[in-house]
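To start, the structure under review is shown below, and the notes come after it.
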Amino acid sequence: MVNLTINGKQVAVEKDATIYDAAKACGIKIPILCHDKKLHPFGGCRMCLVEVEQMKGRLIPACTTPVTEGMIVQTTTDEIVKARKLVLELLLLKHPIDCPVCDAAGDCDLQNLTYEYKVNMNRFVDEKFNHEIDYENPLIERDMNRCIHCGKCARICDEIVSYGAYTFINRGIEAKMGTEFDGPLNCEFCGSCVSVCPVGALNSRPFKFKARWWALQKTKSVCSYCGTGCQLTLGSKDGKVLTTIYDENQGFHNGQLCTRGRFGYQFVNSDKRLTTPLVRKNGKLQEATWEEALAEVTSRLSAGKSDPASVAALATPRLTNEELFLLEKVFRGTIGTDNIDHSAGFAHEALTKGAVASFGVAASPSEIADIQKSNLLLVVKSDAYETHPVIGFEINLGVKRKGVAIRIVSDKKGKLTRLPGAKTTVHTPGSEVALFNALCKSVIDQGLVAEGVAGLDALKAAVADATAEKAGVTAEEIAAIAKDYATAEKALIILPIGLGYPGHNAALASAAGNLAILTGKIGKEGSGLLIMGEKNNSQGAVDMGIYPKGTGLAASAIIDGCANGNVKTLFVAGENPVVSYPNRKKVEKALENVEFMVVADLFLTETAALADVVLPACSFAEKNGTYTSLGRRVQNVRKAIPAVGLAKSDFEILSAISQALGGARYNNQGEVFTEIAATVPAYKGLSQAGLKDEGAVYPVSVAAKLVPVQAKAVAPAAGKLAMVTGSALYHCGTMSRFGEGPMYVCPDAYAELNVADASALKIAEGDQVTVTSATGAVQVAAKVGKRVPQGVVFSPYHFGEGSVNTITDGAEVTYVTVAKK
Amino acid sequence: MIMPLIKGLQITISHMFKKPVTLQYPTERPDVKPGFRGLHALNVSHDKAKCVACYLCPTVCPAKCITVEAGEDANHDKYAAKYEIDMLRCIFCGYCVEACPVDAIRMTEQFELANYSRADFTYTKERLLEKK
């Protein structure tokens, strides 16, 4: 610790702190424009000038000067104020001062400082900038006339997002923030640059002119897309969510968001939202009252009580813990059926079966904070960035700032593979388990097994024939990864799971778990296995028991049951099996066949269109509750706006059903959480009020055990391409289709091909192609690049039109032929 | 006893020869003084309302009677797609005029604001623009 005096106050800070950090620590505010706590010091704006007694005679920037022992600092003398005023005058000389029409007004650092320092005249005269304004981009509007050259946008894009869309171009007074060749912005559209811009040079276009900053009601909540559990602040006005507001102090991610989180909120107030219940009459869905719709649902469900096996429920892991708990209670408790599932049954297996077998808990043994504390990350699939972009930022920071080594085993390349020092091993599609078994074998062969690992002989026998060739990689590559992984002091395996990744199942979780256990990388900080659930409350859905526990049917069996008539009543809460479950034709047929289907959803989805009763549900912005993110963090979701139309939250719907069926009664969702805290062991001692803003990570006690798993042999089909599915960076599940932001950037389904395959098939970028498998055929646009290896096709699953599940059937790899339409 | 009566009558009679202080409204019109705060008007420049929809007037309005909705015109400029004043709530304080950074709103001398229906007290942008 270093001791220094700031404005007469004694303060002790870490030796790598700057004067700015030290002042902040003792509550003294130093004005800044170019500094951001997440970024490396820059020292460009000269607003933070301070006086240090030991360096008298000149003013030094607080944000770049490290503290030294005994420093005596003054932050506001007359001379300093004069200097800061001069800086502001010079900035305002070129700034257009169009505050009345600038959306940043009210939240503008330059405006606030100008007011604070009473800069109401300018000694200098000059012309304003006359740069062209980029109005074309649908998400980020760039008005470089307002730019103050703080460079934050370029730095955040480089340091955290690792994209590098911006840079300074030209020199001196002509310098401006530009893109490559000063062309249009073509990036990931995470909007990080917009969030850190201290003025209105970078603006969110969807929010343009929608409201003034001070008129927005700010509600702290949690993003409802992926399982990362990013906190965000919703800005709402007149019952509409208008924007997300950046708060650098929110969450582990310090307010960083991805495209979906920042620009995908429009689904909340979409025109397509269901506003009234619909009941099928004469074969057509017609508007009905809540009483009518609920009466029909409850009469069917109470009839089902006498034959519980004929009732089934599919829930989306987007619901809150309270709603999922109530759903489980209504179906498993009151009705008495075990036919409950979510995420197609396979997308949660890694937790409910894999983690349970290997670690004795249905959760990741590691948490998000372990990423930056680790020495080596072993990432399964480069897609970890696409499925969980903000975890991707954490990985970027770990690799670039903390020097964490990164190894990627994937069936294609991606953004993570381009990180400094990243070593990527591209294996054949569908051979993840074989690869991990080969790694285990290599660890054993190299004698790198940790001491005292039980069950080693069984694993040895199981992986005896696990050769590198089975995963389509060389023995040297395997040996190198195994050695790097085993010899790293702390190593973390990152495994994304989800509907797009049927291969990421229980076997893969156990295979990855084996490697961690074998090398003693479990149960300590910065090590272990991070299983990343796809949806915002995937972990919560598992914790609340939304999967068959006894003899009940899993999701695929429920679909089969609907087809063969064993399941007569199906309750679907937010799931969209028609688009997201494998084999669309089969699912559609089954759902058309089922006697009675209720769908509670925000939109009239492809599934809801087949229902007998459709109930309008509430989005995350219209309800209170909790979500549990992939790091086992339980966080509060808060209501920002009143319900849209006549929509009711799933909690209200389920509690009405529960009462009508003679089940439990709850007055509000808070009571359910109290019951969760009392009955779900992991949530013991938690309360919604106690979660506060930051949430709480619930502890797990890991009982690690080696679970030998056999790799399924994937038989390559001659002359066909191996198609793998997954997530697109801009989408999550099928809900992001209703957010305008993601749809501007990635509106249609596509199939990504290697350049060599494309040229052999005479396919060019953007061509419409027909992809045919044994299950069916689908038409999508072609995307050509070097990301996927030769012989592999990648297609994201989110889209209703040209949905990839038309041609998949739940297998890890689907063999397809691709032809130009 | 008689003296006060005569004095009183004297005053009364003297008033018969003075100019009356009351105004014979509506046949006689008042002389509105400068600075009078009557009905609002939106100023026009180059055939367009000067208003840039900065929302400062609804922000400052103590009676919350101004509703503004901004829009983006063909040149990507901000303009008031909706500008409404609820005259029933307005307290004629003039803060809106004071707050306006672009001199887009003024208060006219018009004070006769009576009307027959509540809806007629909502002054839309078109009505406010009418009198230039």
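From the backbone N, Cα and C atoms, a Cβ is placed for every residue, glycine too.
Whatever TrEMBL says is automated annotation, not expert-curated.
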Given that TrEMBL annotates B:C51, B:C54, B:C57 as [4Fe-4S] cluster 1-binding, name the residue from B:C93, B:C100 that shares the site.
-> B:C100
Residue among binding-site residues B:C90, B:C93, B:C96 with Cα closest to the Cα of B:C51 ([4Fe-4S] cluster 1 binding site) = B:C96
May I ask you to pick out the binding-site residues among B:C54, B:C57, B:C90 with a CB closer than 8 angstroms to chain A's CB atoms, ordered by sequence, or 'none' if no residue qualifies?
-> B:C54
Which residues, given as numbers and ranges, are at least 6 beyond the ends of the domain '4Fe-4S ferredoxin-type' (B:42-71) yet have a Cβ under 8 Å from it?
-> 77-91, 93, 95-96, 98-106, 125, 128-129, 132
Do me a favour and check the Cα-Cα span between B:C90 ([4Fe-4S] cluster 2 binding site) and B:C57 ([4Fe-4S] cluster 1 binding site); whole Å is fine.
-> 12
Using a Cβ-Cβ cut-off under 8 angstroms and a sequence gap of six or more, which residues of the chain neighbour B:C57 ([4Fe-4S] cluster 1 binding site)?
-> B:I66, B:V68, B:Y95, B:C96, B:A99, B:C100, B:I105
In the predicted model, what is the mean pLDDT computed over the domain '4Fe-4S ferredoxin-type' (B:42-71)?
-> 94
DSSP, reduced to three states, assigns B:C57 ([4Fe-4S] cluster 1 binding site) to helix
Rounding to whole Å, the Cα atoms of B:C93 ([4Fe-4S] cluster 2 binding site) and B:C54 ([4Fe-4S] cluster 1 binding site) are apart by 19
Neighbourhood of B:C61 ([4Fe-4S] cluster 2 binding site) by C-beta distance under 8 A, where only residues 6 or more apart in the same chain count = B:Y95, B:C96
Using an 8 Å cut-off from the Cβ centroid of B:C61, B:C90, B:C93, B:C96, can you name the remaining same-chain residues around the [4Fe-4S] cluster 2 site, in sequence order?
-> B:C57, B:V60, B:P62, B:A63, B:C65, B:I66, B:I85, B:I91, B:F92, B:G94, B:Y95
Based on Cβ atoms within 10 Å, give me the single least packed residue among the binding-site residues B:C54, B:C90, B:C93, B:C96, B:C100.
-> B:C93
